[in-house]
Amino acid sequence: MDSNFKATSFNIPECVLASSGRRMPLLGFGTAASPPVGSELTKTAIFQAMELGYRHFDTACLYGTEQPLGEAIAEALSVGLIKCRDELFITSKLWCGDAHGELVLPALQRSLRNLKLEYLDLYLIHWPVSSKPGIYEFPIKQEDFLPMDFNSVWKAMEDCQRLRLTKSVGVSNFSCKKLADILAFAKIPPAVNQKLREFCRTNGILLTAYAPLGAKGTIWGSNRVLECELLQEIAKEKGRTVAQICLRWAYEQGISILVKSFNKERMKSNLEIFNWTLSEEEVKKINEIPQSRLCGGEDYISKYGPFRTAEELWDGEI
């Protein structure tokens with residue numbers, strides 16, 4: 001880790017986002033659940049995560065978890081678990097139905113009302129495609145997809161940062177090509193992309209890994225990661241869990257990580273990755289495991305366009 005990284009009082013290292021100077025904890029807590037769970041269970045899990053030391057929380061309009069996250073934050077403040085809002089790093093995302101230049105600011109304001117916050121720390125474009133305005137259903141009907149006007153949408157995202165309604169802006173699920181298209185005209189470059197490694201490193205963009213353990217239980221996830229024999233062997237030799245080996249490897253790649261478990265013991269276990277290291281040989285073995293894109297974005301492909309195949313959605317980066 002370079003000089004931009006430092007440890008918090010909760011032993012979760014932070015990184016400075018190049019485009020804003022905002023410090024982001026490199027291990028965050030994801031709030032998406034598939035299938036969705038009730039608001040009360042979500043709120044309880046988030047509050048437990050705060051008790052354990054998590055301070056970075058990832059939500060989205062799509063997830064339906066903005067409101068329970070806001071309620072958990074309010075409760076944590078009221079009981080003194082956190083002293084002020086500034087202790088937290090909160091990320092939310094712009095949904096496809098709001099991915100139109102004139103709708104970006106109202107969408108962010110709606111998210112802030114749900115969260116009962118005055119600002120976000122990071123606001124992301126969730127997917128690189130728009131859909132008919134005012135429709136918030138998922139999956140999106142194939143005939144409702146529209147090509148995104150990247151220029152107007154990104155300009156509106158920049159306006160949100162200038163208005164201080166979000167400290168930083170970024171993207172999620174963008175290919176290198178689509179990210180490069182934004183960089184070509186952006187006045188404020190994306191701070192974070194949830195995917196892609198070398199391109200992001202070269203362009204000063206922090207990469208965030210979501211579903212780093214395979215998202216077992218979701219409609220698109222698998223158990224290939226946790227069932228990997230090599231990872232199981234390394235975990236046994238080091239006296240760690242397979243999940244800890246995976247998260248430590250991702251952390252040593254210099255990226256940020258989002259973990260999601262509503263089980264308190266696993267929440268705690270996921271935090272215990274910072275006071276030990278993998279050997280060079282272990283990292284080499286893990287690096288040699290064949291990798292493939294886990295979330296293929298099939299729900300964002302339509303015979304009507306703008307993306308008719310996975311190759312078009314990811315610009316061949318699959």
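From the backbone N, Cα and C atoms, a Cβ is placed for every residue, glycine too.
All TrEMBL annotations are machine predictions without curation.
The domain 'NADP-dependent oxidoreductase' annotation in TrEMBL covers 27-289.
Under the heading active site, proton donor, TrEMBL lists Y63. Spatially close to Y63 (active site, proton donor) yet at least six residues away along the chain are T31, A32, A33, P36, judged by Cβ distances under 8 angstroms.
Within the same chain, residues at least 6 positions away in sequence whose Cβ sits under 8 Å from that of K93 (site 'Lowers pKa of active site Tyr') are T59, A60, C61, L62, Y123, L124, I125, H126, S172. Among the features that TrEMBL reports, site 'Lowers pKa of active site Tyr' is placed at K93.
According to TrEMBL, the feature substrate binding site maps to H126.
Neighbour count (other Cβ atoms within 10 Å of the Cβ, all protein chains): 21 for H126 (substrate binding site).
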